[in-house]
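Novice: Feature list, courtesy of TrEMBL:
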TRANSMEM  84-103  transmembrane segment
TRANSMEM  115-136  transmembrane segment
TRANSMEM  148-168  transmembrane segment
TRANSMEM  174-195  transmembrane segment
TRANSMEM  207-236  transmembrane segment
TRANSMEM  256-275  transmembrane segment
TRANSMEM  287-310  transmembrane segment
TRANSMEM  330-347  transmembrane segment
TRANSMEM  359-379  transmembrane segment
TRANSMEM  385-407  transmembrane segment
TRANSMEM  419-438  transmembrane segment
TRANSMEM  444-466  transmembrane segment
Amino acid sequence: MSSFHKQVGNALKWSSLAEIVAKLITPLSNTILARLLTPEHFGVIATITMIISFADIFSDSGFQKYLVQHEFESEYELDKAANVAFSSNFLISIFLWLFISLLNEQISSIVGNPGLGIVIIVAGFSLPITAFSSIQSALFKRKLEFRVLFYARILSSLVPLLITVPLAMLGKSYWSIIIGNIIGNIIISVVLSYLSDWKPNFSFNRFIFFEMFSFSTWSLFESIGTWLSSYIGTFIVGSILSQYYLGLYKTSMTTVNGIFAIITSATVSVLFSSLSRLQSDRTEYDFIYLDFINLVSIVIFPTGVGIYIYKNLVTSILLGKQWMEATSFVGIYGLMCCITLVLGQFASEYFRGLGKPKANVLMTFLHLIVLIPTLILSAEDGFLTLAYASSLIKIQQILIYWLILWFGFKFNPLRIFNYVWKGLFSSLIMGIFGYIFIQINSGIIYQFISIVACVIIYLMCYIYIFKGKLELIRIMKIFTGI
């Protein structure tokens, strides 16, 4: 195995370990919070997050991607660019925080939450804090040094359990989450600043700034498009339905995405960093890309099918009885997410790795043309219609990814099936057995036993029926770097 493959494997190991440990901690705190707070409280948090995340796009301006992807002539040139990026990010974040603070009541009214201006001001404090950590994070990712990011990720993941939950128990409602988020960002900034060889230095070079901005312009548009795809539903649902249904809508998606993020968060950063180093070798580039998809599909396919089959159990355990109206949404959204992630969504990293963010902008624009009217019409018909429409629309997203891959990059997306078909068919067989198990007995203890049986069935199918044993061994070697 080449030294680069070993480096990628080591990065994957630490990145995955961070996400696995964090996601073992996070569901516990989220499960407690879902029982302490109401869907209305989570609706408020969804709206505040929408505002702050939009401002954060402009404070970063796409400079992180520039630092990860650009080929610098020397470490000195990299340090100069990092200093300019940090100075720009910090000043822009301060300006945006002041802007949000001055117009807090107007902004809260526009997003359908009048009277919450002070909440927006406090939440906006995260903007200058993240400016301290974003550049260090980019530099660690560039070097595939994910062990350092592991430490920061673990410490920040403990914040909800140690700070947010106690505050919620004291009756601080949505304030508990906002304060917890701020403290979590502070911890990440402190840890990365301490462990990084590069230290922030306020300096500005007009030539470097405009070079970075020119490089990152399309990345900025891409980030705006990604934000729209993620939060346009928050705005539409909050405007048409109540805060209660906004809480159901956003928390259901957050819960499902959190499950998949154990794998995706661990692999996406490593994939982008790895592909960025292989732009000149298209054969190796495609191999690494397909290998990553193969790796995640082995876990993501059965996870999505499992969420759909055991949606009542998932909702009951992770959210609680007051969230049971979201059961159907949790199930169908989980199923569609697993399909979209494997067959389409990783194409975004394929485009970015080649320095072609325009492709992602085009994809997002074509998706939004269909997504926005779909969300409006379905929300007007009620929450259940919205749940199915916002999930099934992901099929259109996959088709757009495929068209761009095929016509824009001469990459046949059907090649993906050559790598993932074993996991796909093993998951379908597992799902059939899981459905039968649920029909026989829906008791909680029995469901846990049947889940174990489903896992065994999946592994037996993958290893013995579809002869995937050697493939699993090969993937694990890449994963561990051995």
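Each position is counted from 1, following the chain as shown.
Cβ coordinates come from backbone N, Cα and C, glycine included.
Help me picture these features in the structure, burial and contacts included.
Specialist: Outside the transmembrane segment (84-103), and at least 6 residues removed from its termini, the chain residues within Cβ reach (under 8 Å) are 51, 55-56, 58-61, 63-64, 66-67, 120-121, 124-125, 127-128, 130-132, 134-135, 138, 200-205, 208-209, 212.
Counting residues 6+ beyond its ends, the transmembrane segment (174-195) has Cβ neighbours under 8 Å at 33, 37, 41-42, 44-45, 48, 119, 122-123, 125-126, 129-130, 132-133, 136-137, 140, 148-149, 151-153, 155-156, 159-160, 163-168 in the same chain.
Residues 46-47, 49-50, 53-54, 57-58, 60-63, 65-66, 70, 80-81, 84-85, 88, 111-112, 246, 249-250, 352, 357-358, 360-361, 364-365, 367-368, 371-372, 375-376, 379, 390 of the same chain sit 6 or more residues outside the transmembrane segment (207-236) yet have a Cβ under 8 Å from a Cβ within it.
Note on the transmembrane segment (330-347): residues 252-253, 255-257, 259-260, 264, 268, 271, 289, 292-293, 296-297, 300-301, 303-305, 307-309, 311, 314-315, 363, 387-388, 390-392, 394-395, 397-398, 400-402, 404-405, 413, 416, 420 of its chain, located 6 or more positions outside it, place their CB under 8 angstroms from a CB of the stretch.
A Cβ distance under 8 Å defines the sequence-distant neighbours of the transmembrane segment (359-379), meaning residues of its chain 6+ beyond its ends; these are 218, 221-222, 225-226, 228-229, 232-233, 236-237, 240-241, 347-348, 351-352, 385-386, 388-390, 393, 396-397, 400-401, 404, 408-409.
Residues 233, 237, 241, 249, 252, 326, 328-329, 332-333, 335-337, 339-340, 343-345, 347-348, 350-351, 359, 362-363, 366-367, 370-371, 374-375, 377-379, 413 of the same chain lie 6 or more positions beyond the ends of the transmembrane segment (385-407) yet place their CB under 8 Å from a CB of it.
Same-chain residues lying 6 or more positions outside the transmembrane segment (419-438) and placing a CB less than 8 Å from one of its CB atoms are 290-291, 293-294, 297-298, 301-302, 304-306, 308-310, 342-343, 446-447, 450-451, 453-455, 457-458, 461-462, 465-466, 468, 471.
Within the chain, the transmembrane segment (444-466) has long-range Cβ neighbours (under 8 A, six or more residues past its boundaries) at 298, 302, 306, 309-310, 313, 316, 421-423, 425-427, 429-430, 433-434, 437-438, 472.
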